[in-house]
Amino acid sequence: MGFITKAIPLALAAASVINGAEIMETRAGVQTLADKYIVVMNDGMTDKDFDSHRSWVNRTHRRRLIRRGAKAMGGMKHTYRFPTGLKGYSGHFDEQMINEISKRADVKYIERDARVQINAIEQQDNVPSWGLARVGSKEPGGTTYYYDGTAGEGSTAYVIDTGTDIQHEEFEGRATWGANFVDDMDMDCNGHGTHVSGTIGGKTFGVAKKSNVVAVKVLDCNGSGSNSGVIMGMEWATKDAQQKGADKAVANMSLGGAFSQASNDAAAAIAKGGVFLAVAAGNDNVDAADSSPASEPSICTVAASTEQDSKADFSNFGQVVDVYAPGDSITSAKPGGGSQVLSGTSMATPHVAGLGAYLIGLGKGGGPGLCDTIKQTAIDVIQNPGASTTSKLINNGSGIGFLSFPLNIYEEQWSKLFDL
């Protein structure tokens, strides 16, 4: 499947408390990173107090290394300062140091850092995608995508993923490189991120064909990274969006894993910062309530549907799911040119992020409230959606009377796009 799985610690279910700071324990089988942690500070901490805490950590860590005379731990690596107030850091600390940190009254909780990786990918070359046609039609089985000519113009989509091939012809110069928190190669050497980006803003495969795409790389060529690196990407996207206009921005996270309070808090900080965030529900065919950041209520959680308007057999479900979107055998861009077919809630999610960008182009305004707008325009068609799960499938509103402003409808037929 195309969903990116984060092997993240299970928080809250089992946590030790040392002087008020929880050290989150991990679920059996989770691939944690040895001696690496994420530390989240108390709500409302000032920048001055945060800097003072960080200075204390660095001083204490250095003293411990000198006394130990052992192989050096790396110490503090990433620092998080979300514009909405969430603060924290990650680093490489021994058990004694992390216990010292946990005793601090200004620490809210600590999680073990964990590996992030992608699942197996289904691939088939050079076939047309049905997903776009479904987004623009009230009925299944169509071959034409109906959309307003604004096509997301003026919006920006932050794709937090494996990177994007920004030179791909699908993006017509509208894709740019944003930041890299995993390696020194500003390229998508995996393919997942380019596929996701193409579904959002590609000229052929995109829901919002005139939107801008910003690549935020948090996973390497093998589709692997760390939870701490993903949170850095989330922070960077939030800050950049606020500088350029959060009400014109959307973010896509086609990744997730076991429940993580740090991951959920970072996702909530994006939404609080005024950015619409679409997140994959997951590919384990289980209730997404135990997944992160899918279980964060302030974001838009997306399950995957099939061409027959049924729940994809791999898709997670549950009350936390906001909408369904096409996610089975979706065609989009691949690095180096051309296209490929992938399946997963990873593929469903950019349809929703793209629809958010599309609605921004129509003047509906941005922010987390876009999820409610998307649910209002959705159609009640999904068969067997799963226990306590919505049956709403996204729709762009073209020709079905949901949107309260005039549309200049364009149409694209797959026979034209693919010379069939």
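Here the Cβ of each residue, glycine as well, is placed from N, Cα and C on the backbone.
According to Swiss-Prot, the protein carries these features:
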| type | residues | note |
| --- | --- | --- |
| SIGNAL | 1-20 | signal peptide |
| DOMAIN | 36-118 | domain 'Inhibitor I9' |
| DOMAIN | 129-413 | domain 'Peptidase S8' |
| ACT_SITE | D161 | active site, charge relay system |
| ACT_SITE | H192 | active site, charge relay system |
| CARBOHYD | N222 | N-linked glycosylation site |
| CARBOHYD | N252 | N-linked glycosylation site |
| ACT_SITE | S346 | active site, charge relay system |
| CARBOHYD | N396 | N-linked glycosylation site |
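Structure coloured by features recorded in Swiss-Prot.
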residue : record                           : Cβ within 10 Å
D161    : active site, charge relay system : 30
H192    : active site, charge relay system : 28
N222    : N-linked glycosylation site      : 11
N252    : N-linked glycosylation site      : 33
S346    : active site, charge relay system : 34
N396    : N-linked glycosylation site      : 27
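Residue counts for the domain 'Inhibitor I9' (36-118) under DSSP, split into helix (H, G, I), strand (E, B) and coil, are 30 helix, 31 strand, 22 coil. When the CA atoms are compared, the recorded positions lying within 10 A of D161 (active site, charge relay system) are H192, N252, out of the candidates H192, N222, N252, N396. For N252 (N-linked glycosylation site), the nearest of the recorded positions by C-alpha distance turns out to be S346; the candidates were H192, N222, S346, N396. Here the C-alpha separation of N396 (N-linked glycosylation site) and N222 (N-linked glycosylation site) works out to 34 Å.
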